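Visitor: Here you go, one structure.
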Amino acid sequence: MAVRKLVPETAPVVDDAPASTSVDHKRSLAHKLLIELLSYQLALPVRWIETQNELLQWPETIQRYVEVGPRTTLVTMAKKTAARRASSQIVSASKLSTLKFLCTSDNTAEIYYEYPQESGAPVEEEGSKSDAAAPALAVSGSSRTATTAKATVTTPSSSSPETAPPAASTPSQGTPAGGSTTPDIPLSAKHVVLAMIAQKFRRAFDNIPTQKTVQELSGGKSTLQNEIMGDLAVEFGQLPDGGEYIPLDALGDALQGNFPGKPGKQMSSLITKLISRKMPGGFNQAAMQNHLEREWGFSKAHGQVVICLAITVEPESRLESADSAREFLDGLVSRYASYAGITMTPRGKGNVSADHSSAVMVDESVLNGIKREQRDYQIKELELLSKHLQLDTAADDAVLNELRASQKSLEEKLDRWASEFDDKFFSGIEAIFDARKVRQYDSWWNWAREDTMRLLSRMRPGQLPLQHLQEQGLVAQLLRRWEPSCAEIVQNFLDTGECKEPFLATAAEILRLGSDALKKSPVYRFTTPSMKPRTVISATGCVEYSEVPRENSSYIALLKQGLVAASGERVPYVHLKKKAPDQAWRYDAQSTEILLEALGTGSGAGLTFSGKTVLVTGAGPNSIGAAVVRGLLNGGAKVIVTTSRSVSSAASFFQRMYRECAARGATMAVVPFNQASKRDCESLVEYIYGAHSPVDGDLDYLVPFGAIPEKVELSKLDGASELAHRAMLVNILRILGLVYKEKEQRGLRTRPTTVIVPLSFNLGGFGGDGLYPESKIGLEALFNRYFSGNWSDYLSICGAAIGWVRGTTLSQSIRLLGEAIEHANGLDVITFSQEEMAFNILALMTPSIAETCEEGPVYADLTGGAKAIANIKDVMAAARAKFLKESSIQKALLAERAYEQRVLYGSESPRNDTSSPRPRLSTKRARLSLEFPEVPSKSDLKAHLVDLQGMVDLSRTVVVVGFSELGPWGNARTRWQMEHLTDLTPEGYIEMAWIMGLVEHFQGHLDGKPFVGWVDAQTKQPVADAEFKEKYQAHILAHAGLRFVEPDLLGGYDPSKKEFLQEIVVEEALPSFSTSKANADAFRLRLGDKVAVRRMPESDEYLVQVKRGAHFFVPKAVPFNRGVAGLLPAGWDPLRYGIPEDIVQQVDPVTLYALCCVSEALLSAGIRDPYELYRYIHVSELANCLGTGAGAQSAAQRLYKKRYLDHAVQSDILSESFLNTTAAWVNMLVFSSTGPIKTPVGACATAIESLDIGCDAIRSGRSQVALVGGYDDFREEASYEFAMMNATASSVGELAQGRLPREMSRPSTTTRGGFVESAGCGVQLIMNAELAIEMGLPIHAIIAYTQMAGDKIGRSIPAPGQGILTAARETSAGHDSALLDLAHRRKRLTDEVDAVHQWVTQQLAATRGPAGWPDRAIDEIEATALRKIKHAQHAWGNDIRCQDPSISPLKASLATWGLTIDDVQVVSMHGTSTKANDTNEADVISQQMDHLGRRPGNPLLAVCQKALTGHPKGAAGAWQLHGCMQMLQTGIVPGNRNADNIDSKLRQHRHIVYPMESMPMPQLKAAMLTSFGFGQKGGIAVVVAARHLFSAMAEDELEAYRRRVAKRQREADSAYVSGIMSKSLFKAKEVSVWGKSDASMSRMLLDPKARVGGHPENNNNNNNNSSSKRNTSIERLTRLLLPSQKPETEASPEGQQSTSLTASIQALLASQSTTRPTSTSIGVDVEAISSIPMGNAVFLERNFTRSERDHCFSSPTPQASFAGRWSAKEAVFKSLQTPSVGAGAAMAEIEIVSDGGVPKVQLHGRAKEVALAKGIRNIQASITHSGETVTAVALAESSPMC
């Protein structure tokens, strides 16, 4: 009927059809019908829409649609219509799924029902029953599918309800030979759809719910939907309309009709990519198919299903071998079988007995004969080939024999070496000297400045007492290194008045002594009191050692006391000997006197070593040599000190030694040196006398104190003993010979080097000390060699016999015996401390002793008499035995006492015994907090700051309310801890462990018990707060901060194998490889005739062979020397923050950084829901100014590199690479703001440019809130290009210099070599202060000033510039401008505000109508007055440069807050560690300070944050800003831990000091930060402490603000901790702030007053209560009529303000009295609080009711309360507009009562009568206290009189 209706011409045919029964007749009718339809189509307009709708209504009747034509045009249209009708449920989808759409061009066989020949048994009836349980993936591809054997089907238990596969049929087939039954399921459209969509979503095929649509799976991302549907269109051709809204199952059914049963173009490409990228060489698609067939019994068609699904679970990296690939396929088959609900068994697990039957036995002799014959043939073939190629194999044999002989000889030598020496000796002589690793220190001048500031910081009230400064030797050390800039610093300290007694005199004395010190050489002075050893047995039986003062505390007096020699002569403990005629060394009194004089000078005036050059070996920690070096540095010497440890580990010890001890002119070079190595001895001396000598090419003194401890007997001497002997004897002599040789060659005869030869009193008496005595005895031969050798003109010998020295590393094991030694045999021997022995040796290095040594060798006996102990070993053994015995007795007594107590009390200790309390384990819990800044009280502010109340327009003052960062050291808090503490706090360890995924929070049952707390992420065991440091410190330090690049964090990028592409030309044809047809065609297109392509037999794959002459790119890897970076802590995961997985997969990593930072920044501002902002501001008033230097580098890498390499890349990657995309994601997922998105790109100065843009937006009023900051990532491309510019530090070069990764960023140092890249993000939430106060948000700091600047003409983009000098631009007139005076500006502002209020009075008088003041008039007057006042505040407070541009912008911004350029105490420097930047930056800052007149001696403390964090580029300025705010809040200035030696070029900049350690600076007022970016981006910002803003607030306003902030902190801390525990710090918004409705959006965007939920303080806006409206009117009138109160600190005539205000209001009322009575009247009164006579009881009783008096007396300030009520009574009386009965009339009839804190008016007596007579029904009153005055306004409302 449908055809008859649409095509009337067919009516005869159609009408005749029902009557027909003959098949032939039906065919004839069908033929006629077809002809008529074709004729109609050709002759008349086609009505295909109606035709389709009509035909598709009868799916039960019409099941086959056949298009006659060359293409599937109409059929495609019909399929789309059918799919659309199914999705809209017009017709049942199950009915439409049975339809067939065929075309004569493609489906001839099906149209004519031509079936292929079938084999096997027919399908049994039971098979149909199992069809319903089979999965949909097994659906037949078409009606032509061959019938095969039935498979056993099981339902997988692992299938979830959401993803459980639907049913399908599985025909049966014969059982394979292996014994397993494998169903034959051909590839269907469903398989392909599932595989392609799962691959696109990066999920496994069994994780995709097929009941969902593409639209649902993509989460509404239109680009992703478009990409998927585009790929499906390439694969299948035409798709159903609205295919993205069709469930995947139905979509597969809809596409099945024309599916050819094999992968199409897109799927083939994905399979090819899987094979080429992940499979091992040679394991192609055919190999995969063969394995599936042989191992699992898959047919070719069924195997295609598994191969297609493989693209969804591809391995992370290329599989190494074919076995690995087969294992991968086996795992995939198991997973597929579970998903499809089928059971599969590998054939190898079936019946294998047949395999054994096929084994063949071969006779062994026959096999050996075959092998022998084959070998003979191969040898003959080799000989023929050698002859043909003219190769002499015999000659090769001779060479081989020679090599073997040489090898044997070497082995024999090694055997002899090993038999004579051992591995300890061999490794012990290894050379370690490397001139590149020498550390040189000469920046004593900077440490002098730092010491001066530290010393002065302790000379303030409440700091350390004066005597403590003297005891620590701080003053003496400072005077040693005094320089002119130190005098400036002290003088400034005295001039500013910060110094108070008793420190005032001390500072002045230091200044005087410093002036004297400049005229003298620095000296070493020995001031240590003499101590003696004491060993006691404690009450617990432990042997305890200590040192106590000697009776004779004078060390010099002790030495002179001496011993009585055998001759009866008293010999000092330290004395000199000379050789007697009998060749024996005798005490020499004359020379000893010279030594004692030197010692006396050293303990008095001091010894100077200025200009002397010294080499000291063996100066490790706790050594005599180290103490000697300290003394030499104190005396101003130039020292070379050697270390056998790695320089990186030893440098910190020596650097601290230099920083603490170096005097003026002192230098120190630390040299790696192995004294047991001959090569090192030679290299060291060559270095000393070479071109780069740190001691000017010669030595004055040589102190070879290097030693190796030994503890072996003669019977056990080994290689270590020989090594020690070599170091302590042989190589000392070698060094002397090398020095002599160098001096002789240079003719340095007149300057002999004095050698302090280390001798000992131990010449074998100790025993068990190896060859140590022999080494020392051998050195004594030098005394004789001096005369027999030829070097006496170049070297002088002074032998120093060292006595018993306490506390050295070598004597640690015997330090307990010191007291026994001193009393041994009654000899009265003395032992020495390290400092005492070092003093003795330093006395030997004085000019007088040196002159004595030039006359001949000198023997210095420094043994203290220990040499006289003959039986020292016995003495030591007896002492040990005594200690052991006494200790044992004491322990036995202790045990006995414990036993007694146990018997008596049942415990080991008596109940009242508290002498030895048991240690208690720490149970302190960490407290995670966002660390809100403290808000001081008004009284605290008044004590330290000027009062700025009313002086600043807070609506145009920019403050930071929240900030956050993500970098190498985690967040801002953990970075700050590392920066100023060099360690993490307990809270810091917890946060870092959480960030790195080491722990997680657990709440539930653990080991069967309820548990809430932290657990280890791997072991799931509980971790107590106190255990975090112990468990995780090593891991955190190894995987955070600056470190070697971890390839796992960068997608496999390994700098040691940096990849490049090398173009090559093929010289010989390459072996063929298989690939898809599409790839084969692509190779032919690229290589042309240089490639041969042919199809593989019985396969869809093609063989490709690259021919000779083809050229293409081959990857290669080269080592890259930038292998250190500041990556995010290993283990950081955005999912842990709560970012959805689909977002993580979609966006670039920098976007994830920003999202994490924004969420935490909001919490640090106390904002849990960002939409809360829109309760206070319009959605268009939030600006997003996040910027970046390089943008989404990972996305760019995928866009260019991976796309070029044909890797899988998301289709919308281009949008992710845009520089503004990150800011867009932040807005889409967090803010939903319609404010501007501004994306600054300022290279390394991006964050400051962003801050500048945000501040401009807020100050201009275009925005009230701004999100600012910057971000950048670390990627290999940028890293390489930075290296090409020589901007970054070479990690290879740094390692060669002995630098560890954490040391490679060294801003401002002599050895800096470029910056170290890092990655991260920094974000701040800024807003105007007025809004921040209203919302109760924490104010971290004030952004007082920001500026960006370009630079000069040039050709270099990276060149540092000086454009930001313009921030200090100022003329001489501006320097002394009166506008810089706060008092002057306050007076001018007060005048303008008074004028505004006079104008308000006039306007109110002019606009008052019969019914009072219209609301609109009040609105206009109020707005205008407020605008005028704010304009005045801005002109006289915020921006004084608008009146006088000659004032410097920096000065003007500081003057706003009552500060000067001298109040800036810290500068956070860009400090990149490049040569050019660090010197340029210091120069710019110094010029600015000089030009602005900063006081000399008031240096800025430089903070170089990049020493810790590296250089994050875009985030650099943000991290600096965070550091500045943290300094202002804590009063701590962090040091630059890597500043081991400040560049001497920076010494000229006296306005800057570079501290190495953190320095306390309480009450920091302001900080400055500078930033410089490539491309002429110079930035500067000034940050002021928030307390200066609080000083501009009224006391009640500040207190209310404090309460709001405290509440926010509690809520924010709770939300932060909860977010960490639940992994939900980030919460993506699903709905815009206005909801889902477009109409709601339009209303909000078009209404400037639209707010979310109404303003929190105006929630009753819809309340029509008249009382509420009247209250509002009174408050507004009060604000309009009251001028701003003057600060209490400003002097003004008494009563002037009150009189002026009263007069103005009286004038207004007088002008109104002539008008007729109206419905509203107003009364205003201002009273001085002090005018209320509180002592006059009569006055109080006459004018105040009893309840009023009770209320006032109960208030904290009764007088102010009485004054408020008195003023209100006066205002009410005036509002009644009745004649006064006199000034003495009582006012008790007007009663002011308090109703919940709101004043209410009650009238009595005559006052009430007057009110009733005038028709007054209601009187409202408002009372305002301010300073010393109180003001009241009353509004009386009455009915109009007729």
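Cβ coordinates are placed from backbone N, Cα and C, and glycine is handled just like the others.
Sharing the feature lines straight out of Swiss-Prot:
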type	residues	note
REGION	120-184	region 'Disordered'
COMPBIAS	140-175	compositional bias 'Low complexity'
DOMAIN	184-262	domain 'Carrier'
MOD_RES	SER222	O-(pantetheine 4'-phosphoryl)serine
REGION	611-807	region 'Beta-ketoacyl reductase'
DOMAIN	1058-1585	domain 'Ketosynthase family 3 (KS3)'
ACT_SITE	CYS1244	active site, for beta-ketoacyl synthase activity
ACT_SITE	HIS1470	active site, for beta-ketoacyl synthase activity
ACT_SITE	HIS1511	active site, for beta-ketoacyl synthase activity
REGION	1649-1672	region 'Disordered'
COMPBIAS	1658-1668	compositional bias 'Low complexity'
BINDING	1725-1727, SER1761, 1770-1780, 1823-1825	acetyl-CoA binding site
Visitor: Report the same-chain neighbours of VAL1772 (acetyl-CoA binding site): residues 6+ apart in sequence with Cβ closer than 8 Å to its Cβ, ordered by sequence.
Guide: GLY1723, ILE1790, ILE1792, VAL1801, LEU1803, ILE1819, ALA1821, ALA1834, ALA1836
Visitor: Write down the Cα-Cα distance for SER1775 (acetyl-CoA binding site) and HIS1470 (active site, for beta-ketoacyl synthase activity), rounded and given in Å.
Guide: 65
Visitor: Please identify, among the recorded positions HIS1511, ASP1725, SER1761, the one with the smallest Cα-Cα distance to SER222 (O-(pantetheine 4'-phosphoryl)serine).
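Guide: Comparing Cα positions, the candidate nearest SER222 (O-(pantetheine 4'-phosphoryl)serine) turns out to be HIS1511.
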Visitor: List the Cα distance (Å, whole number) between THR1778 (acetyl-CoA binding site) and CYS1244 (active site, for beta-ketoacyl synthase activity).
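Guide: Distance (Cα to Cα, whole Å): 73 Å.
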Visitor: Quick check for you: of the recorded positions HIS1511, ASP1725, SER1761, SER1775, ILE1823, which have their Cα within 10 Å of the Cα of CYS1244 (active site, for beta-ketoacyl synthase activity)?
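Guide: Within 10 Å of CYS1244 (active site, for beta-ketoacyl synthase activity): HIS1511.
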Visitor: How big is the Cα-to-Cα gap, in Å, between SER1775 (acetyl-CoA binding site) and HIS1511 (active site, for beta-ketoacyl synthase activity)?
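Guide: About 69 Å separates the two Cα atoms.
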Visitor: Any idea what the Cα distance is from ASP1725 (acetyl-CoA binding site) over to HIS1511 (active site, for beta-ketoacyl synthase activity), rounded to a whole Å?
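Guide: Approximately 63 Å lies between the Cα of ASP1725 (acetyl-CoA binding site) and that of HIS1511 (active site, for beta-ketoacyl synthase activity).
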Visitor: Mean pLDDT for the domain 'Carrier' (184-262), rounded to an integer?
Guide: 87
Visitor: Do you know which of the binding-site residues SER1761, SER1775, THR1778 has the most other C-beta atoms within 10 angstroms of its C-beta?
Guide: SER1775
Visitor: Per DSSP, what is the residue tally for the domain 'Carrier' (184-262) in helix, strand and coil?
Guide: 46 helix, 2 strand, 31 coil
Visitor: At a 10 Å cut-off from the C-beta of CYS1244 (active site, for beta-ketoacyl synthase activity), count the other C-beta atoms across all protein chains.
Guide: 28
Visitor: In whole Å, how far is ILE1823 (acetyl-CoA binding site) from HIS1511 (active site, for beta-ketoacyl synthase activity) when you measure between their Cα atoms?
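Guide: Their Cα atoms are separated by 57 Å.
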Visitor: If I restrict to non-local contacts, at least six residues apart, and a C-beta distance under 8 angstroms, what lies near ILE1823 (acetyl-CoA binding site) in its own chain?
Guide: GLY1764, ARG1765, SER1767, ALA1768, ILE1792, PRO1799, VAL1830, THR1831, ALA1832
Visitor: Can you see whether DSSP assigns THR1778 (acetyl-CoA binding site) to helix, strand or coil?
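Guide: Once the DSSP labels are grouped into three classes, THR1778 (acetyl-CoA binding site) ends up as coil.
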Visitor: Determine the Cβ neighbour count for HIS1511 (active site, for beta-ketoacyl synthase activity): the number of other Cβ atoms within 10 Å of its Cβ.
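Guide: For HIS1511 (active site, for beta-ketoacyl synthase activity), the count of other Cβ atoms within 10 Å is 29.
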Visitor: Ranked by the number of other Cβ atoms within 10 Å of their own Cβ, which of the recorded positions SER222, HIS1470, ASP1725 ranks first?
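Guide: Sorting the candidates by Cβ neighbours within 10 Å, the top entry is HIS1470.
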Visitor: Using DSSP reduced to three states, classify ILE1823 (acetyl-CoA binding site) as helix, strand or coil.
Guide: strand
